[in-house]
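J.: Pasting a structure here, questions to come.
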Amino acid sequence: MGRRGRGGGGGMGGGINRRYLSQVMDTCGKDLSTAEDIVDDLRSRYGNFARLTRQVLLLNVRQVLNVRNNKRVKDEDEDDNIGDEEGSASQRKKQRRVDEKEEKLQRAEQSHLRKRNMERSVSSSPSSSSSSEDSGDVSTSEDAVYGEKLSPPRFDLINDSLRDNYAKLNSSSKKPIGSPAEKNVEVETVSNKGRSKLATMGARKEAKVSLSLSGATGNGDLEVEGTKGPTFKDFGGIKKILDELEMNVLFPILNPEPFKKIGVKPPSGILFHGPPGCGKTKLANAIANEAGVPFYKISATEVISGVSGASEENIRELFSKAYRTAPSIVFIDEIDAIGSKRENQQREMEKRIVTQLLTCMDGPGNKGDKNAPDSSAGFVLVIGATNRPDALDPALRRSGRFETEIALTAPDEDARAEILSVVAQKLRLEGPFDKKRIARLTPGFVGADLESVAYLAGRKAIKRILDSRKSEQSGDGEDDKSWLRMPWPEEELEKLFVKMSDFEEAVNLVQASLTREGFSIVPDVKWDDVGGLDHLRLQFNRYIVRPIKKPDIYKAFGVDLETGFLLYGPPGCGKTLIAKAAANEAGANFMHIKGAELLNKYVGESELAIRTLFQRARTCAPCVIFFDEVDALTTSRGKEGAWVVERLLNQFLVELDGGERRNVYVIGATNRPDVVDPAFLRPGRFGNLLYVPLPNADERASILKAIARKKPIDPSVDLDGIAKNNCEGFSGADLAHLVQKATFQAVEEMIGSSESSEDDVTDITQCTIKTRHFEQALSLVSPSVNKQQRRHYDALSTKLQESVGRNTEQVTIGPSFTLE
């Protein structure tokens with residue numbers, strides 16, 4: 001048994017020798033017809049087989065039976081063919097020679113077709129096609145293959161279906177993608193799991209065609225259909241950008257002759273950058289539709305592959321198709337995914353992808369390479385889109401690649417009004433549409449947000465009709481959802497209109513995109529809510545509001561008013577309120593930074609936060625940045641503890657320089673101007689120092705009335721008398737606290753009287769704040785700024801005026817105050 005594994009016939013699973021098993025199976029009875037019966041018999045008679053598992057033994061028995069059956073069938077076939085072989089020996093020799101010759105011909109044909117298909121797929125020049133290819137005739141004879149005439153085989157043994165496949169393959173390789181009449185087309189190739197869609201419309205052909213072609217990243221279906229998509233007329237608020245694109249992009253594509261004549265190279269790349277939702281992708285599609293050239297659209301993440309080298313090959317394939325169909329446009333969305341800075345990349349594959357992208361953008365390759373596409377037919381315009389332009393590799397942003405950068409910033413109030421005009425064209429409006437009002441209610445909204453507002457306004461209009469249908473439904477209670485299935489008669493459809501109120505409600509349902517980018521919602525604080533302060537209002541109108549609303553006039557005179565304001569004074573005087581009112585009046589984007597929220601414990605992160613803050617503000621200019629409690633970031637250098645913010649302070653000074661601001665207006669507020677570094681107080685940074693003192697008697701009365709405007713004040717209450725006679729030294733915050741305490745006293749009194757009475761019903765209309773409630777509140781509230789602090793701030797204002805010698809004039813009319 002130990003030598004069984006070396007027996008003839010080869011070993012099998014379980015240590016069983018095939019020859020031995022076959023001999024043992026011969027001893028079984030003839031009545032055992034199945035493998036299962038043979039296994040049971042062997043296990044019952046032989047102990048070594050009983051020790052094996054039934055499954056292993058059954059597998060080996062079946063293999064032996066299969067070998068026997070195959071041998072039997074082969075022997076029968078040989079017996080049947082003995083006579084035929086003896087009678088046709090010479091014929092078989094001749095047949096063999098014919099088969100060898102035909103096989104050689106087939107291999108040569110296949111090699112020839114593969115070579116020709118490869119040449120057709122690489123070459124884009126019309127001259128590369130022969131006259132026979134232009135006519136659609138394809139030669140597959142041995143003359144075309146070998147260059148000499150060969151005698152045909154005696155018997156044509158090649159499969160007819162195989163010949164048909166060869167002919168179809170060759171004819172499809174000769175078939176051009178589009179005729180010259182259809183060359184002015186838009187082609188959209190969208191790579192999605194190896195599938196590519198190519199949208200094409202000929203100049204004279206409107207019928208839809210479907211064919212198969214390899215896509216940008218692999219083989220896929222190619223759909224050719226009519227051009228559909230956005231155009232330049234679908235945009236609002238970016239007229240200057242559209243004019244620039246028409247001159248620098250569309251004109252070179254549609255009229256290349258002037259550029260060739262004068263020897264000027266057309267633009268090779270455009271980089272769109274801006275916050276999400278501002279229309280970067282839509283604008284790229286509009287360029288392709290306006291130009292009418294092949295358009296290859298791909299997301300950057302679709303290029304990346306897990307196989308080494310496949311990502312680079314996908315990029316080469318994409319640009320190869322673009323250069324073969326030049327002039328064409330390649331659009332790479334979210335290009336920062338494959339074009340990030342190489343020094344920050346951790347993996348070599350990511351660095352190779354960036355390098356391959358740089359190489360492909362430089363041109364179609366080596367002109368000496370016969371397989372390289374010919375770029376003489378035109379050029380390829382590469383468009384990239386990203387909301388992180390600083391993350392791109394610097395080599396991508398040099399001349400010859402993305403040489404033109406267009407910032408699609410968040411729209412201002414006038415631009416939002418133009419966008420709303422475009423969006424409202426598709427809506428069925430009732431009555432006049434006040435686009436200026438909606439634009440004023442939507443600070444920080446981008447184009448996508450305004451489209452969402454229009455969509456939600458339409459839903460509000462439909463819901464209004466649905467609510468009326470619900471109320472008119474019969475109250476039988478059988479089916480309370482029958483209104484969902486009720487048909488819409490024509491008279492009810494005619495009632496569907498979008499009203500102005502629908503837009504106003506929809507605005508509150510959409511979150512501004514800029515709030516996700518670090519911007520703040522522009523506060524709903526108007527100058528009417530800030531009584532007095534005529535001097536401050538004049539300053540803000542002169543240096544912030546008017547330059548934002550009428551920039552052309554200031555630019556014509558060469559006036560540079562990009563200066564900063566530093567509001568200082570006792571706490572609670574309304575410095576923050578004034579800044580919010582100025583931002584609201586200007587209608588610009590608004591960023592509210594609260595003190596030390598930019599500080600970070602990690603080295604370099606605080607400076608990065610400052611750079612990012614101003615970069616976002618410049619991207620979405622005009623923008624107002626308000627630094628509340630700015631003294632936390634501007635502590636004088638050299639003092640104790642100043643080293644914590646020293647690096648941040650230096651970066652802050654650089655960003656505040658007028659040359660770097662570019663329509664970014666800065667307002668700071670502090671109650672400790674003495675600790676601010678003097679470098680911040682020079683012109684061009686916080687150039688205007690405005691002192692906001694405590695209000696006088698008349699101003700206190702104005703503030704108290706503004707605060708009590710939304711409170712149920714009893715008509716018998718003398719607010720003027722309370723403010724002038726009982727609130728000496730009160731700041732705006734103290735007066736707001738006083739009204740709150742009086743309101744709380746009135747509420748407590750009303751609740752106590754309702755609990756003590758037998759009748760639980762309370763008349764809400766009789767709930768008012770009376771004089772006794774204010775008297776009770778006055779006993780609980782005291783001024784937050786004492787006389788010594790007032791003298792300190794007055795002396796500090798005089799000192800700053802003498803040391804700086806600029807606009808530090810004390811405001812003689814104190815601020816009004818209102819609840820936010």
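In case you wondered, yes, glycine gets a Cβ from its N, Cα and C as well.
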J.: Please find, within the list 169-188, 709-728, 749-768, the residue stretch that Swiss-Prot describes as region 'Disordered'.
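T.: Here Swiss-Prot associates region 'Disordered' with the stretch 169-188.
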J.: According to DSSP, does Gly274 (ATP binding site) sit in a helix, a strand, or coil?
T.: coil
J.: With every protein chain in view, what's the tally of Cβ atoms within 10 Å of the Cβ of Cys573 (ATP binding site), excluding that atom itself?
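T.: So the Cβ neighbour count for Cys573 (ATP binding site) comes to 27.
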J.: Which residues, sitting 6 or more apart from Lys280 (ATP binding site) on the same chain, put a CB under 8 Å from its CB?
T.: Phe272, His273, Gly274, Asp333, Ala385, Thr386, Asn387, Leu408
J.: If you count Cβ atoms within 10 Å of the Cβ of Pro571 (ATP binding site), leaving out that atom itself, what do you get?
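T.: Excluding its own Cβ, the number within 10 Å is 14.
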J.: Using a 10 Å radius around its CB, how many other CB atoms surround Lys575 (ATP binding site)?
T.: 27
